[in-house]
Amino acid sequence: MDEVLFYVSAGDQSDTKKPAESFAYISSIHSSKQYETFRHAASPLNGTAISGVGLGERIFTSDNKKALVNVYTYGKESIDQRIPIPEALTALHIIHHPTLPHGAEAKGEEFENSLATHDKPNYRVPWLLCGGSKLGKLYIWELASGDLLCVKEAHYQGITRIDLSLCGTFLVTGGEDARIMVWNLADLIAIYGQAGLINETDSSSTVNRSGKPYYSITDNTLPITDFTLNQVGNLADLKLYTASKDSTVRIYDITTKQQLTTFILPQPVTCLARDPANRQLYAGLANGLIKTIPLYKFNQHTSVLEAVGGLDRIITVDQEDPNMLSTFVQHENHKVTKLCVSMDGTNLISGDDAGQVFVSDIATKQTIKSFPSLNFPISDLYVETVPVDLLVNDKIRTDKKHRMMPPLKRVLASADPVDHVLFMDIPQESVNTIISTKVHKDLDWLEKKKMEELLFKNLSDVNSTVKTIDTGANGGHNQQSTANLELKLSKVSEAYTDLRSKHEQLIKEHAKLLDKLAEGK
């Protein structure tokens, strides 16, 4: 396994006829290995979406100046497709297909615990492509068909970032109008077979798609620069962390629609990253510093790890940090544009407006690796852990089954499900499905027994192990041993009784002697 980083820049923003060439790379963060290079790759901040790393995966970048989406395929250096769209986009995000195996829906199992029963097809595309424009419009396309499922006036100004919750329920957008909108994804794309939405008097069967946001956040005063969601499958624990140019980082509970905590920082916050274990946040500032915001704090009086903030508290992050215990200074004098954290939470990857990308050790705050500079502001970072053989597979270079994506349509899709034509490559069922399912069930059984043992021991110092006595072939020997033990016990009892009687007799004689001495006096 290797942990790789995809990084891309915003490219040359000048109006020259021949702008400087820009690149994007996929490199290891633990070694000097560079796996892939993509030429002419550039996008605005948060304007890149990557489906993954390996055979059949794609990279989508929005053009800085034109209404185009450039598509790259893994293993090919140049642009694979240029897809025209209604207007230039400033933010992109892809949504993958739900991965539910047979019977998982009926059993009510969580999707992250489900077991895939089919291999990945050679030709595959993500499920949806979401894009935000400079005018604040939200576009959602179905990539397999190219249908435009949604066009929404989501913000008054340009959209800066789009993201989806891990459970796939909520789509979150942030904009330059200082607002964050939380949408129900099902409401945005549910256009097929909706009773009461089709206008029977209209021959074109137009649909009323005026869906309202689930939650509208208007607490900020300056544009939203970044936000992140904690990766939980349970909606009750879903939290939203936002960053803004008004120098604040805010935490919201999506389910209760309440603001939990506000952190005030000394400089405008340009980007935000979250620890995989939700232990702390990392805020990139406009002056090049990266501040660590702990979400838990050790209470010295009670010796308990307590959550920081809550109940709409306002906490000021101290600007003075002479010992650099909570500050990264690798990008000093350069605005930090993107942040991300490694899988194990030990390394922080950061990029700035000078095109520099560093990997820093979170514990020591030291730089452990630097990547070749892209000379333009870093617009996106993506970290993934993949097998090494997948990165250097020769099949990537000779993928004959690769097909082009359909063009993205400019008009909304019809509400009639008959008009919905979808082409997908469905592979055969995996040969190891039965074996994998059996192994999966065995692991579930072992996990169940482990929890039962934990509950039985009750987390105490009492040893609850039940000892068993073998009553098999050695039954006769055990009976003889029992008889010998009973004989010894009877002898000990007789000796004890004799000793006790002698002791009582001596006590009586001693009492008589004391009485005689008393009478003599």
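Keep in mind that glycine also has a Cβ here, set from the backbone N, Cα and C atoms.
Marked as repeat 'WD 1' by Swiss-Prot: 106-151.
In the predicted model, the repeat 'WD 2' (154-193) has a mean pLDDT of 90. The repeat 'WD 2' annotation in Swiss-Prot covers 154-193.
The repeat 'WD 3' feature in Swiss-Prot is assigned to 219-262. In terms of DSSP secondary structure, the repeat 'WD 3' (219-262) contains 3 helix, 23 strand, 18 coil.
For the repeat 'WD 4' (321-361), the DSSP counts in helix, strand and coil order read 0 helix, 19 strand, 22 coil. If you look up Swiss-Prot, you'll see 321-361 marked as repeat 'WD 4'.
Same-chain neighbours of the repeat 'WD 2' (154-193): 45-46, 90-93, 95, 98, 111-112, 128, 130-138, 140, 142, 207, 209, 211, 213-218, 220-229, 231-235, 238, 240, 242, 244, 246, 254, 412-413, 415-417, 420, counting only residues six or more beyond its ends whose CB sits under 8 Å from a CB of the stretch. For the repeat 'WD 2' (154-193), the number of residues in each DSSP class (helix H, G, I; strand E, B; coil) is 5 helix, 17 strand, 18 coil.
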